[in-house]
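Chemist: Taken from TrEMBL, the feature domain 'Gcp-like' applies to 28-312. Among the features that TrEMBL reports, Fe cation binding site is placed at HIS116, HIS120, ASP306. The substrate binding site annotation in TrEMBL covers VAL138, VAL139, SER140, GLY141, GLY142, ASP171, GLY184, ASP188, ASN277.
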Amino acid sequence: MSEKDIFVLGIETSCDETAAAIVKNGREIVANVVASQMESHQRFGGVVPEIASRHHVEQITLVLEETMKQANMNVSEIDAIAVTEGPGLVGALLIGVNAAKALAFAHRIPLVGVHHIAGHIYANQLVQDMKFPLLALVVSGGHTELIYMKEHGVFEVIGETRDDAAGEAYDKVARALQLPYPGGPHIDRLAKQGKPTIDLPRAWLEEGSYDFSFSGLKSAVINTLHNAKQRGETIQPEDMAASFQASVVEVLVGKTIQAAAHYDVKQILLAGGVAANEGLRTQLQKQVEQLPEVELVIPPLSLCTDNAAMIAAAGTVLFQQGKRATMALNANPSLLL
Ligand code: KG4
Ligand code: ZN
C-alpha cells in the first residue's frame, strides 16, 4: 500500500521577505514564492521593523494566492500549515502567524509552529537527505550558530555568536567602507580583488568554545580605517575586504571543522544568507577534505536565504512527529531552538 503524499504550506515573515511555499513529503518543492523588500530598506542601510511589517501586510495575501496558483492546488488539498513563530521581528512574525492561523481555522487544517533556524537547516532536506549525526553552520544577517543534530527535530546549539551575527558584521564593515546595503556580497566581490595584508584579530575565544564573536573584528576594521585617515594614508578597500573576510572565514571554518571532528558527524550543512560567500564556501570545501568521512552539503542560494520552502520542509517533520500548534500560537521574537 502506498502512503498518501503530504502537502505542507509554509509561511515565513520573520524579517524582510514575505514568503509562502508548498512542499510535498518534506522534500519536493511544488511552489515557492518570495517577495523581497530589500529595496525599501536599502536607503536606511538596514531593515526598518515598521516598514517590514507594513510590507508583509501588503504582500501576504498576494504571496499566498500566487503560491496556490503556482502549485495549481486548492487550500483543501493542504495537509498542514507550517509558519515561522520566531525568532525574528515581532511585528513581522505576527503577520505570518495570523495569516497561518486564519487559514488553518477557516479550512480546519492542522497548524505547526516552526523555529526559523530549524527552517534554515531543513532547507538541506530539499536538496539531499540528512544523515545523522550532523552539524549545521547557520550564518545569516541575524544568526551565527553551530547546531548539532542527533536525529530529526532535535537541535543542540553548541556554539553561537556572543555579539554580532556574521552577516551583520559584513554589513557594518561594508558600511564603514561606504558600500551599499546589504554589504556582504560587495565585500565578497572586493575580497577577490584584494590581498589579506592588513593584520586583523581572530576571535577564537576560550579553548574548546564553539562560540563566535565578531564585534572586536568590526571595531578593529573601523579603527584601522580611522587611524589611516588621520595619518593621511590610504587603505585599499579591496585589501581591507580581503583581510576582514580572511578573519571571518578562518574562524567560521576552523570552529566548524573542529566541532565536526569532535562530534564525529556524517554531514556538515551550511545555511543562511552568508552561505553565498565564495570565500566561505571555498575554504569549507577545502578543509572538509581533512575529514574524508564527512559530507558537505550547501543548498542553492535561493534556499540559503529566507524562504518558506524551508519552513514547510521543517514543518513536515514536526507534523509527522505529531506536533501541533493551537489557535493560541503567538509570534515569539526570541524563541529558543
Ligand atoms: O539569510 P539572509 O538572507 O537573511 C537573514 O535571515 O538575515 O542573510 C542576509 C545576510 C546579509 O547580512 C548579507 O550581507 C549576507 O547575508 N550575505 C553575504 C553574502 N551574500 C549575502 N555575506 C557575505 N558574503 C556574501 N556573498
Ligand atoms: Zn534567516
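Cβ coordinates are placed from backbone N, Cα and C, and glycine is handled just like the others.
In the displayed structure, how are the listed features positioned relative to their neighbours?
Modeler: Looking just at the domain 'Gcp-like' (28-312), the mean pLDDT is 95.
According to DSSP, HIS116 (Fe cation binding site) sits within a helical segment. In sequence order, GLU12, SER14, THR84, GLY86, PRO87, GLY88, ILE311, LEU335 are the residues of the chain that are 6 or more apart from HIS116 (Fe cation binding site) and have a CB within less than 8 Å of its CB.
The 10 Å shell around the Cβ of GLY184 (substrate binding site) contains 25 further Cβ atoms across the protein chains shown. The DSSP secondary structure for GLY184 (substrate binding site) is helix.
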Chemist: Reported as an integer number of Å, what is the Cα distance between GLY142 (substrate binding site) and HIS120 (Fe cation binding site)?
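Modeler: Pair distance, Cα basis, whole Å: 12 Å.
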Chemist: If H, G and I count as helix, E and B as strand, and all else as coil, what does DSSP give for ASN277 (substrate binding site)?
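Modeler: ASN277 (substrate binding site) sits in coil per DSSP, no helix or strand.
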Chemist: Indicate whether GLY142 (substrate binding site) is helix, strand or coil by DSSP.
Modeler: coil
